[in-house]
């Protein structure tokens with residue numbers, strides 16, 4: 001991969017399209033992806049130049065307070081997808097398919113994907129797995145729905161994988177390569193590589209013609225994705241090694257809330273400028 005500069009955004013205000021991802025891959029230019037679950041982050045990240053917004057099943061942890069992604073339902077994630085798609089102008093919006101909504105086979109996977117496109121306003125969907133979900137990926141892409149794959153560590157399989165562990169070491173590297181090619185051959189437009197050794201991720205990126213999106217997979221991927229609460233410092237405990245915090249939002253919010261509490265208690269807020277007069281002030 002060539003040493004890239006900032007990936008140029010498409011001209012005007014149009015949405016990022018699949019062709020933009022493919023072109024960036026050919027030109028060796030990297031792009032950024034962040035999770036988003038609401039109106040405000042979608043708009044802010046969109047304006048910042050984030051190319052893709054992931055309405056992730058990580059909402060289970062970061063919105064609904066679950067310990068894992070497994071309890072999340074379609075009915076819970078659909079409103080978040082709608083909010084993000086309505087509130088972004090340029091970013092390509094990808095929605096996860098929750099656990100239990102595609103494992104039965106291609107027909108179930110397609111039904112779920114259609115709901116996120118029709119009811120959620122998503123521009124594509126993401127599902128976890130490689131060889132084992134290739135038929136599902138093919139069914140969805142054959143219906144004209146863009147699919148982003150997800151291999152390596154797959155959070156929906158956390159219990160089977162024995163917890164949060166790096167995937168693809170040693171002999172497991174061949175299985176991960178097979179998963180990557182299976183997803184590509186089934187028609188996916190990109191694939192997430194999560195918690196994969198950097199050298200292996202670089203090899204996968206070189207072998208595939210579709211973009212790789214790294215999270216804990218080193219700098220050799222075509223793009224990077226992070227959970228926004230991790231990247232912006234809203235989560236203060238248990239941050240993964242691969243996360244870089246670009247802000248300290250938890251500290252900012254706590255300080256602001258504490259100041260508000262103090263001003264209410266002292267009577268400093270609301271002040272005169274925050275209070276309506278009995279009659280309009282004459283100019």
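Each residue, glycine too, has its Cβ placed from N, Cα and C.
As given in TrEMBL:
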type	residues	note
ACT_SITE	194	active site, proton acceptor
BINDING	57, 58, 96, 126	3-methyl-2-oxobutanoate binding site
BINDING	57, 96, 128	Mg(2+) binding site
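Locations of recorded TrEMBL features on the structure.
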residue: 57; record: 3-methyl-2-oxobutanoate binding site; Cβ contacts under 8 Å, 6 or more apart: 69, 72, 77, 96, 97, 98, 99, 155, 156
residue: 58; record: 3-methyl-2-oxobutanoate binding site; Cβ contacts under 8 Å, 6 or more apart: 35, 69, 96, 155, 227
residue: 126; record: 3-methyl-2-oxobutanoate binding site; Cβ contacts under 8 Å, 6 or more apart: 54, 56, 94, 95, 96, 97, 147, 148, 149, 150, 192
residue: 128; record: Mg(2+) binding site; Cβ contacts under 8 Å, 6 or more apart: 150, 151, 154, 155, 156, 157
residue: 194; record: active site, proton acceptor; Cβ contacts under 8 Å, 6 or more apart: 150, 151, 152, 153, 154, 155, 167, 214, 215, 216, 217
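In the three-state DSSP scheme, residue 96 (3-methyl-2-oxobutanoate binding site) falls into the strand class. The record gives 57, 58, 96, 126 for 3-methyl-2-oxobutanoate. Within 8 Å of the mean position of their Cβ atoms, the other Cβ atoms in that chain belong to 35, 54, 55, 56, 59, 69, 77, 95, 97, 98, 150, 155.
For the recorded site, residue 126 (3-methyl-2-oxobutanoate binding site), the DSSP three-state label reads strand.
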